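The feature compositional bias 'Basic and acidic residues' is assigned by TrEMBL to 747-762. The domain 'G-protein coupled receptors family 3 profile' annotation in TrEMBL covers 465-721. Marked as region 'Disordered' by TrEMBL: 733-762. Feature annotation from TrEMBL assigns signal peptide to 1-23. The transmembrane segment annotation in TrEMBL covers 458-483, 495-514, 534-553, 574-594, 630-653, 673-692, 698-718.
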Amino acid sequence: MVSLSMVLIWLAFVRGLLPGASAGKPEKTQLYIGGIFPMTGGGWSGGQACLPAALMALQDVNYREDILPGYHLNMIHNDSECNPGIGTNVMYRLIYHPPPKLMLLTGCSSVSTHIAEAAYMWNLMVLAYGSSSPALSDRKRFRTFFRTHPSAVLHNQARIRMFQYYQWSKISIIQETQEVFTSTIEDLEKRAKEANITIATRQSFLSDPTNAVRSLKRQDARIIVGVFYEDMALKVFCQVYKEKMYGNRHVWFIIGWYPDNWYQKVEENDVNCTVDQMREALQGHFTTEMTMRSLDDTPSFSGLNVSQFDEELLIKLNNSDPNDTPGYPEAPLAYDAVWALALALNQTITRLTEKGVNVGLDKFTYDNSTIFREFYRAMDSTSFQGVSGPVQFLSTGDRLTLTQIEQMWDGRYYKIGYYDNKNNNWTLNHSIVRWNGPHPPYDRTLVVEDLRLVSMELYVGMCSSALVAMLAAFGCLVFNVLNRNVRYITMSQPGLNNIAVLGCITCLSCIFLFGLDNSSLSEDQFTAICQARTWVLVVGFTLAVGSMFSKIWRVHRLTTRAREEDKVVEAWKLYALLGLFLAVDVIIMTVWQLTNPMTRYLEEFPQEVPEGSDDIVIQPKLEHCTCDNFTIWLGVLYGYKGLLLLFGVFLAYETRDVNIKDINDTRYVGMSIYNIVVLCLITAPVTILISSQQDATFAFTSLAILFCTVITLGLIFIPKIMNYKQKSIEETSQPLQAPGVTQEEEEKQKRLQEENDTMKKQITQKEERIRELQKSLKELLKEGQKMTNTFLAPPGVGRLQATGNNFTRLSASSMASSRYRGKAPSISFDVGNETIERVPDHVMLPTVKVTLSDEPAEDGGQFESFL
C-alpha cells in the first residue's frame, strides 16, 4: 500500500498539484488534515479503496483555483486496522506530531467512536466516511462529529417498511458483539415496538456464531436480521447451511456494504463450507445499504459524474476487480468527505474575513477556538451535490440519503427497490422479487386453530330424533288433556302426567343446545348457551322425575301408612312437593350462576403437522362450559339429584306389588324411575371420561336423554292409549264408565256412589258422638262394672250393642265392624234406621272400628275408629 500511495503522490506531482510543481506560480500555504484508514485487520478494511478516493479528491480540490485560494490541502494518514486501540494511538500521533491538523477523517465505527468522543478537547472536528453506528448520532457525546456515511438506523426504516409490507410481525436478530451493531439493533427494537412488530429472540456472538445460530433454530426463527462484519458473515451463513435455516421457510436481512462476491472468500477466512454451499444458504436473502453513488449521471460539484469517478478510481486501483477491493462501495463517501471539508474550510475563510478576523487557516492551533467555531458552523451548513448524491448534514451530524434494497439470486445481487428516508416513501419492483417457495415465508410456524365441532350429520340426526320425540310428547300431552275426565286417566293424576311430559320436552330441547358451538355462535353467545344448558336440563329433569316421584310417593302413603291415619293424600300436597324440588333447583342454580358463572373454556390438544407442510401446524381445540369450582357444583347437583333418584327407587321397590285398580300406572311409573336411574348411572361417569371427544360426548348424552324421555313417555302413556283404543265411542263418551259394565249396572253403580258419598258425610258427623261414647266406656271400665247395659244415644243417632268379645256388624250403610279385645259385655250399636245387607265390592265405603279393653291402662281403655 505504501507503493500505491507513492504512485498517487507522484501522479499528483505530475498534474502540478503539489507545491512548486508549476514554475511561475506563487507558493501556496500548506494546510493539513489527518486521515485514519482501516487498511488491514480482521474487521472492515475499507481503506483500501477509500484512501485512493480521498487522495483523488485532494487532487481535484487543489486543482481548483476557486476552492481554498492560496492554500494547498494535504493529508497525513495511517492504518487503524479497524481496531479502536490502534486507531486511538494513530490519533494521538497525528495530534502531537506537527503540523497541526484541521480535521480528522475516520473510517470504521468502532474507531470513530473513540476518536470522536475525545477530539473536541483539541478543537478538532471528525468527519467519517465509513462509520454507520447509530451511537455516533449522540450530539452530547460526540460534539464535533460529522459523517458522509449515513447512519445505520436508515437500514432499520427500510427493514421495518418491508416487514410491514409482507405482514411479518415477528422477527429475530443475530448480531456480532460490536457497539456499531448493538446500537443499530437497539434502534431496530425501538422502531419495531412502535410498529407492533415482536422481537422473538436476539442472539449475539463474539467470534463463533455456532451457538447463536442454533438458538435461532430452537426458537423457530423465520424472519432474521443479521448485523456483522464480512468475515463473521461467512461463518454465520456456513452455520446457517449446516442447520438448514434457509429456503422457503426463512428470510435473511443483512448489511449491504459487503463486496458482491464476499461469500466466495471461504478459504481466506478459514470457513468450513464450499462456495456452492454458501450460495445455497444465501439464496433469496435481502440486503439494505445506503446509496453510495448518485442514481443519475448528474455532474457533482467537483465536475465528475458517477461514471467518470468510477473510471478514475479504477485507474487508481490499477484496474483491479472492485469486488476484490474492500471499501469500493464506500469510496464515493470518502471522495465527498474531502470535498465537504474543503468547502467548509473555504467558507470559513469567508466568514473570518466578514468578521474582520485577519487570521489565516494556517494559524490554526488546538487551542484556537475562533477558527474552530467558524469552521464548525461552516461544516454544519455545508450542502452540495456529490458523486454519492446530495450531501447535507443534520443537526446530529448525520446525512440523509436513499436506502437501497437488493436481493441475491443464484449468487448475484439484484436491485429491487429504494427507500427515501427524507420523504418516508419507497419504490419496490415486485417483478424482480423472488421466493424459494410459492409465497413469501411466514414469520412463524403458522398455528391454525382447528376447533373441534360436533359433526353436522350427527347433530342433524340427533336433533331430528329429538324433534320427533318432542312431537310424540306433545301428542301425549294433547291426549292427556282431551281425556282428562276419563276415569282411568283421572285416577292416574293427569296433572302430574302433564308436568312429566313438559319435563321430557324440556330435556329433549337440551339436545339442540348441546350441539351448538363456535361455528354458529360468538364467544358471548356460547357463554349464554352454557348457562342455558344447565338451567334447562336441571329444570326438565326435576319436572319429569319430580312428578313421577310425587305419584309414587302418593301410592306409598296410601298403601303403607298406619291404618289409624287418614289415607287421603290431597292433590295440592303432590304439587307442593314438586314445587319444593324446583325451589331447591332454583336456589342452587342461582347461587352457582352468581358466584361462579359458566364460561367458555378451550381445551388444547397436541399440535398436528399436516402432510406436506412445514409452515403450518394444526392446533386442535375443543370448547367446554366450565367455571372455577365446576367439580364442586357438579357434585352438589349430582348429590341432590342422586338422592332424589335413590329415594324414588326405594319407593318404587316398596310399592312393586301394589295393584290398585284406580291408580293404574303405578308399576309403569316405577319402571320409568328404574330406567332413569340406570341410564344416569351410566351416562354421568361416561360423559366425564369422554369429554374430550366431542362427537362421542354429544351422541352419548343425546341418546341418554332420548332413551330416558321416550321410555318414560312410552311406559306412562302407551297403556292408556291402548286402553282407550279398546273402548267404543259410546263407552268413552261417559267419563266415569267402567269397562264391561251394562247400562243397568252403571245406573246402580252411580246410585251407590251417591249413597256412599252421603254416608261419608254422616259418618263424619257420628265420629264426634263416638268420641263421647269412648269417654263413657273408659269411665265404666275404671269402675270395674260389668257392661251388659245398653247405651242409648240421643234421638237420631241409634243404638250400640256388643255380645261376647265381638261387636255385632253395624248397619251396612256405614259398613261398620267392631272388635273388642279382652273381657267385655255385649254392646249393640245401631246407626240409622236402615240396614243394607249387601254392598257391591267395587263401591268404596268407610269402615268404623271400635276396640275396648279392660286392661289397666293410663287412659282406662281404647276405642279406635278410622274411615
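From the backbone N, Cα and C atoms, a Cβ is placed for every residue, glycine too.
Contact between the transmembrane segment (495-514) and the transmembrane segment (698-718) holds: at least three of their C-beta pairs are under 8 Å, each pair 6 or more apart in sequence. Stretch with the most C-beta contacts under 8 angstroms to the transmembrane segment (630-653), considering only 534-553, 574-594, 698-718: 534-553. In terms of C-beta pairs under 8 Å, the stretch of 458-483, 534-553, 574-594 lying closest in packing to the transmembrane segment (673-692) is 534-553. Counting Cβ pairs under 8 Å to the transmembrane segment (534-553), the stretch among 458-483, 574-594, 698-718 with the most such contacts is 574-594.
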